[in-house]
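What Swiss-Prot annotates here:
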type	residues	note
BINDING	Cys248, Cys315, Cys322, Cys325	Zn(2+) binding site
COMPBIAS	1-23	compositional bias 'Basic residues'
COMPBIAS	1354-1366	compositional bias 'Low complexity'
REGION	1-37	region 'Disordered'
REGION	1304-1366	region 'Disordered'
Amino acid sequence: MTSSKPKKSSRVRKTTKNSKKNHNTMMPLLPKTPPSFKNKVVDKKALKNLVSWAYKTHGTAVTAAMADNLKDLGFKYATQAAVSISVNDLKVPEAKQDLIGQAEAQITATEECYRLGEITEVERHTKVIDTWTETNERLVDAVKNNFNQNDPLNSVWMMANSGARGNMSQVRQLVGMRGLMANPQGEIIDLPIRTNFREGLTVTEYVISSYGARKGLVDTALRTADSGYLTRRLVDVAQDVIVREEDCGTERSIVINSEDGKFGSRLIGRLSAEDILDSEGNLIVPKNTAIDPSLSKTLETSLISKVNIRSPLTCEANRSVCRKCYGWALAHNHLVDLGEAVGIIAAQSIGEPGTQLTMRTFHTGGVSTAESGVVRSKIKGKVEFGSKAKIRGYRTPHGVEAKQAEVDFLLKIIPTGSITNKAQKIEVTSGSLLFVEDGQDIDSDITVAQITSGAVKKSVEKATKDVICDLAGEVRYDKVIQPKEVTDRQGNITLKAQRLGRLWVLAGDVYNLPPNAKPVVSTETKVEQGTVLAEASQSSEFGGEVRLRESVGDSREVQIVTTSMLLSNFKLIEESTHSGELFHLESNDGTIYRLNTSPGSKISSGEVIADLADERFRTKTGGLVKYAPGLSVKKARSSKNGFEVSQGGTLLWIPQETHEINKDISLLMTEDMEWIEAGTEVVKDIFSQTSGIVTVTQKNDILREITVRNGSFHECEDEEILSRFTEEGKLVNPGEKIIDGVDNDEILFVQKLETSKGKGLLLRTVEEYTIPNEAELPELSHVKQEKGPSLALKAIQRLSYKDGELIKSVEGVELLKTNLSIESFDATPQMTIDVETIQDKSDKSINRLNLVILESILVRRDTISDSSHGSTHTELQINNNQLVKAGDVIATTQILCKERGVLQLPDSVEGEPIRRLIVERNEDKIKINIKDKAVVKTGDRVVDGDLISKGVKSTSCGEIEEVSSEYVILRIGRPYMVSPDSVLHVKDGDLVLRGDGLALLVFERQKTGDIVQGLPRIEELLEARRPRDSSILCKKSGVVQIKEGTDEESVSLSVIERDDSISEYQLLMGQNIMVSDGQQVTGGELLTDGPINPHDLLDCLFTDLKDQKPLMEAAQESISKLQRKMVNEVQNVYKSQGVAISDKHIEVIVRQMTSKVRIEDAGDTTLLPGELIELRQVEDTNQAMSITGGAPAEFTPVLLGITKASLNTDSFISAASFQETTRVLTEAAIEGKSDWLRGLKENVIIGRLIPAGTGFSGFVEELASEAGPHPDILAEESGGYRRTQNLRPDYTVDMPQTPIVSSTAILDDPSDEDLETTRNRHGIDPTSSNFAAFARPNAENQFSEDQLPDPAALEGLQEEGLLSDG
């Protein structure tokens, strides 16, 4: 058996002197006890325990053989049994219908309470959900009992029960009920799926069911990715944690407390930090002993409540963990081996179960009830609260009135009648609920109280729910509500209820009035069906001629022509082309304009309606444009529409024919600078249209462009004449001399040219176009209103090209366009101009263009009664073609009454229109006949079942309207309970329709406990995220002082600290105080509810301890408290999901997160303020300071999330391979960092053997060889970190462990001058040695041979008083 242990472990564990002995005691070859026979069912859990026991007792081989046999056994019987599932195996328990019936009865009762206004909407919802949750649980029990008693060998039951496949929650859905589902927002739908998959779901249930199914699939997909990333970050942060030492020798430890007298598995495999004695002083566990299950049991039986154990959290090994602090390796239940990569194991252990955690759980109302114990009376008696009791009224989440204890006290039930019974005593904790009154007589088995475990002041958050009205009518408040106007910081005014009370809606027929409608009947008037209740009129804004259009849909359009303009001087000519209809306007003198719009379209002011087709300004070819002096244009943002002429003048045009081609040069049929006649073929198949000089542009033997320029070429060698002209060209006026022999009697455009024949001038003729100052327009007639919009036609001349522009074209171009645009004045922007055609009055064959501005009024058609507007009847007050003035009524709409009743108008503020009115109908009232005198009076509000008169009860809810001796008239109403602080959306007397919001209930529900869970919560903890709306923590110990403010809600919270200074704490909206006045609090304690910000907690703990203890102790203690908190929080998440992880794994990760401190003040050290550095390093530096008398560095501990900790590691290779590669490498290069390749990652990247497992011994040997002739510099297994304790010859001072920073003088005091003087006085040659006491060692080689302290130097320093004797 022993030989089954791998050989390598003996090599790695070579430092354990008694490892062999241990080995034998842990793994006996045969059990001492004879085999025992156990007759019980072995399910999944029992199988797990069996294999685990075999492995721990008998080792790998025996366990493997046993597991193999068990497998064969299982398969053998599974083959014979032939287990399969058929539909018949899904047996629905008979109790199901009864259970569902009971639940429905409870819910009906709850709904009735809600209808009577006894509970709020929130309480109803919570109660319904709790009822179904409880029913579901009871149904699961019924399913279990049904299978157990009637069919224990049922296939489905066996599979789920043995753990082979499926679980109870799945079986429940198959044969119980599917249960409650959550919607995509995570809120529970209060309609449960009552059926199961065996019975089949209804359509509604199927749709609701698919919500949950989809959520499950999406969650699984996201969870896998999130969990993988979490594992990667954990591995990165902890990869360099390797067991490198036997024992770090720390005196620090952590405390493990027993839970209900039991330690469970929390002590197993941990080493005791001190001797553990029982109550009589006998030693149970010596110091540094591994606690195995039997020792753990012994501790429990000895009633030991807390044990100090060693932990990676308190291990003082430098950058690693020692064997004693880590304890057992859980793989083989032995002390961990040297070189074990415990960091990676920890990361895997925490990351791997990530996929098993749910992403989030949703809020199920009433979570709180499960955590509290209901106490019932055991005897009949009288309740006594005692003098200490402090209670206040409280309403439970289900709407039950109760009392809540504010302090802890003892409640007694004093027996009445029987003297033999003893009084029942109940310890009531603060926050517990009491369902009895002081002095009340009660029977036995009555619910007395609901005790909350511990002083749990629940962390709650505010949530809201809308109250929706489900009948139309008039709103009335109960007086108790006491609405109050509250103004928030932004100045918004809201109406809030101050007390719990009812908001009533009294039934009636409510009518919505259109915006401009006015009631025509006074209040309290009796109305019949068809009575006109209100009238709304529609009037014309500008007036004009009426046109009635055919009605479309449910409205009819009335058009009023406010302005029209007839283009009487133009004929409209229609021309059909293949691309569609074209329209032209022809004036009396024959000028033709192209119409840019078509009849029937709408145009806006300033739009061009037509262009003048003017052939006078059309050229034959392309060319160059020049403006003669005097011609000017307006500046325009864009040249798209041309340039508007501001001043007329002459436009000069130099023709030039340009062919843009893309052909091979071989196709060219003329030469560059050759004169050609019109019609010459210049390139194959391309002919010139004008005579002139050819210019050829080519690139890479490809023809690009051929230009033909008109004019005559004159050779000229005279440089003086040539210098007057450029290649771009220049205009020459008539009579101006150019060259001899050339007379110019017109304007010429002269260009300098160089041809193959020589230099010369090209004289080009210029065409002149005269542009008038304004375009000529035929006369127009138009109608102008006295008031309102008017129209005008305007002609605009636009030049197509700017001065100096070259138009490359063969075809002609249009140089000037004349546009006709329409302008409207005094029109509103939304008014458009309609284009119409009308026949000429004298000649019907001629059509004219008419431009009109229309005012369009939509008139509602009659409607037969709808739910909110009633019946409407609309009458037109005008006829077709009638002329109306501005303000004349066009149509009136009447709102007609639907049923007979009495009209009531709401109270309105003067100047505000009435938007709704109500008719109280006969069916909204109930007449209740009575014989005796009524016990109610007019104005009283009653609910179903209230007494009206002797023997007569109300049959409905509502308000008493009339009381006589024979009858009572009740107006039907509906009460809605609103809780304090609810926001009221309606005022007393408002009229509401069905579906309107009445109020917004503000209620408290448990916070975060059941909102963020599973993976996101783990991530939040390990990344040390700052939660939103975190709680306020006490900064320093002291006594709480709570003062009520002037305003009801405002409370001031302060703490009187030890030195009598007062710290005030600013409370945020909705924060509940968790402490009471006069309570003693310590730093880091919760003052208000909410999630804890771990960074704040560390700050508060450190700030408080810093005043009481030395800096180093305060830092260690505050870090230690935070570490325990973090470990417990992470464990809680995993435990809540049923995942078991050993504490030590989480401790390794948390150790990495809390190992750094931030330097606040460097003192005399060479550290930098703001630098993040290992706590150990600062400790060593400050120790050196205390020896040499320098000012120590001041620091604060910091908590880093796993990502940040990974990036802040000493190894830049590891950090760069994780995230932000460029930044990490750049910074490392600038700082000139060295990577000491301590972790696994760095070594893998470089390609070296990793310093763990079998590579660890090589690592130690390598370090030993580095140490050279001073092997004692290395501690026993320091894992490569020189331990300076061994550098202590008799004559040295007590040397500190020196920090790891660059080699420079550490100190400013004593100064370099002091040292120099001391050396000189004692005759020490400064070049002969390097002083360990005065210099900072190198980063890795902490002390080399020549750095050993010089005895003469040290004696000299002591004489000078600069060093105290160590």
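Backbone N, Cα and C atoms are what each Cβ position is placed from, and that goes for glycine too.
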Starting from each candidate's C-beta and looking 10 angstroms out, tell me which of the binding-site residues Cys315, Cys322, Cys325 has the most other C-beta atoms.
Cys325
Could you check what DSSP calls Cys325 (Zn(2+) binding site) once collapsed to helix, strand or coil?
helix
Report, as a single number, how many Cβ atoms besides its own are within 10 Å of the Cβ of Cys248 (Zn(2+) binding site).
22
Note the Cβ centroid of Cys248, Cys315, Cys322, Cys325, the recorded Zn(2+) site, then list each other residue of that chain whose Cβ lies within 8 Å of it, in sequence.
Glu245, Asp247, Thr250, Arg310, Pro312, Thr314, Glu316, Ala317, Val321, Arg323, Lys324, Tyr326
Could you say whether, by DSSP, Cys248 (Zn(2+) binding site) belongs to a helix, a strand or a coil region?
coil
